[in-house]
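This report concerns only the one structure given below.
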Amino acid sequence: MAVPGENLRINPDRLWESIHELAEIGPGVAGGNNRQTLTDDDAKGRTLFKSWCEGAGMSLGLDQMGTMFARREGTEPGLDPVYVGSHLDTQPTGGRYDGVLGVLSGLEVIRTLNDLGIRTRRPIVVVNWTNEEGARFAPAMLASGVFAGVHTLDYAYGRKDPEGKTFGDELKRIGWVGDETVGARKMHAYFEYHIEQGPILEAEHKQIGVVTHGQGLWWLEFTLTGKEAHTGSTPMNMRVNAGLAMARIFEMVQEVAMSEQPGAVGGVGQVKFSPNSRNVLPGTVVFTVDIRSPEQAKLDRMRARIEAEAPKICEALGVGCAVEPVGHFDPVTFDPVLVARVRAAADKLGYSHMNIISGAGHDACWTNRVAPSTMIMCPCVDGLSHNEAEDISKDWASAGADVLFHAVVETAEIVE
Ligand code: HGY
Ligand code: MN
Ligand code: MN
């Protein structure tokens, strides 16, 4: 089985240009992107990506969750394909590279194979997963979760955004409902290339992250019930203050996560006060606690402590407390054979590398349940992500894409 020669590289300029052309769609307010899932901008980005895939001679498949599968044929079409992908949806104040780098590097692998006239035994499929971010419709990695059998299609279609719109209705509205049964596709292997979204690779001066594991995660949605009252005329001893209970829970979450160091994180990114009026004590406060660890025992201990202590905090203030898990996956161990192939590719290409655990969740965390999967990471400036100032260099981007090219093509098997 032939493997790609170490002199074969992708086209860095073309990859970089495609990333920044897509970034014109759904711009943010500070140089990043706001291309949230199932919005009109998401639809525009999908249309552009589809045109690029067709321009590269690929055929497009679409499943009932709107996930896009662009296929380059192999010399043996009956073999299970090698999949490579990520996501094109962004956070409301997202960067240009989170998700996009992986999808467009997958496209760049195909474009480079076309340039070189290389055929592979196995087909190669480039994937754009719907709703990886979970910003508009919780949970994150929703489409890959349905694909892996973790969520039902009905559950996913019923998820609501903050305005009460359902996933199913919005997918239909933008015209991207496919007819393929979700999860019917068989994957020989899945690769995902992604920015690290943390500070390690840059601090260690490494070009490539060989991702061996992924953190596990819980998203615990709390609904605290206080009593709406005047912030001025209500005496302190007469208040049923859900906002104060929230603040004390935040402190407790911080203390729980710090008690599990190293290798644990906990925090809150989203809070909703009702009625959210500056001179009314909140009647309800809704927020999602995000806790993560690569170690199952730590993750379980954090969840247990938080769910035990939050009600006590609320009870002491006469505040109602309800909690619902709205997102979860266990710590992930990626496929050792594919991990070794990524490491060997980095060595062959002369790129510095180190093993790393993914701090963020990715679609690969779900595909890993149904097919051998792994990830490749590149550094990002100051480890910053989920911020419009997210930044990487063209060199970093293309080094990871070179490694992706070699790992994917070796797995798809070159035909002499
Ligand atoms: O939440 C995550 O880790 C991912 O960015 N969706
Ligand atoms: Mn991402
Ligand atoms: Mn993200």
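The backbone N, Cα and C atoms fix where each Cβ goes, and this holds for glycine too.
On its own chain, HIS87 (Zn(2+) 1 binding site) has GLY99, GLY102, VAL103, ASN128, TRP129, THR130, ASN131, GLU132, GLU133, ASP363 as residues at least 6 apart in sequence with a Cβ closer than 8 Å to its own Cβ. Annotation comment: TrEMBL describes HIS87, ASP98, HIS194 as Zn(2+) 1 binding site.
Under DSSP, GLU133 (Zn(2+) 2 binding site) is assigned to coil, being neither helix nor strand in the three-state scheme. GLU133 (Zn(2+) 2 binding site) is surrounded by 23 other CB atoms, counting those within 10 A of its CB over all protein chains shown. The feature Zn(2+) 2 binding site is assigned by TrEMBL to ASP98, GLU133, HIS386.
Taken from TrEMBL, the feature domain 'Peptidase M20 dimerisation' covers 215-312.
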Cα of HIS386 (Zn(2+) 2 binding site) to Cα of ASP98 (Zn(2+) 1 binding site), in Å and rounded, measures 8
Would you count the other CB atoms within 10 A of the CB of HIS194 (Zn(2+) 1 binding site), including those on all shown protein chains?
28
Expected list for ligand 2 (Cβ under 6 angstroms, binding-site residues ASP98, GLU133, HIS386) reads ASP98
Please count the residues of the domain 'Peptidase M20 dimerisation' (215-312) that DSSP assigns to helix (H, G, I), strand (E, B) and coil.
38 helix, 34 strand, 26 coil
Among the binding-site residues ASP98, GLU133, HIS194, which have a Cβ atom lying under 6 Å from any atom of ligand 1?
GLU133
Here the mean pLDDT of the domain 'Peptidase M20 dimerisation' (215-312) is 98
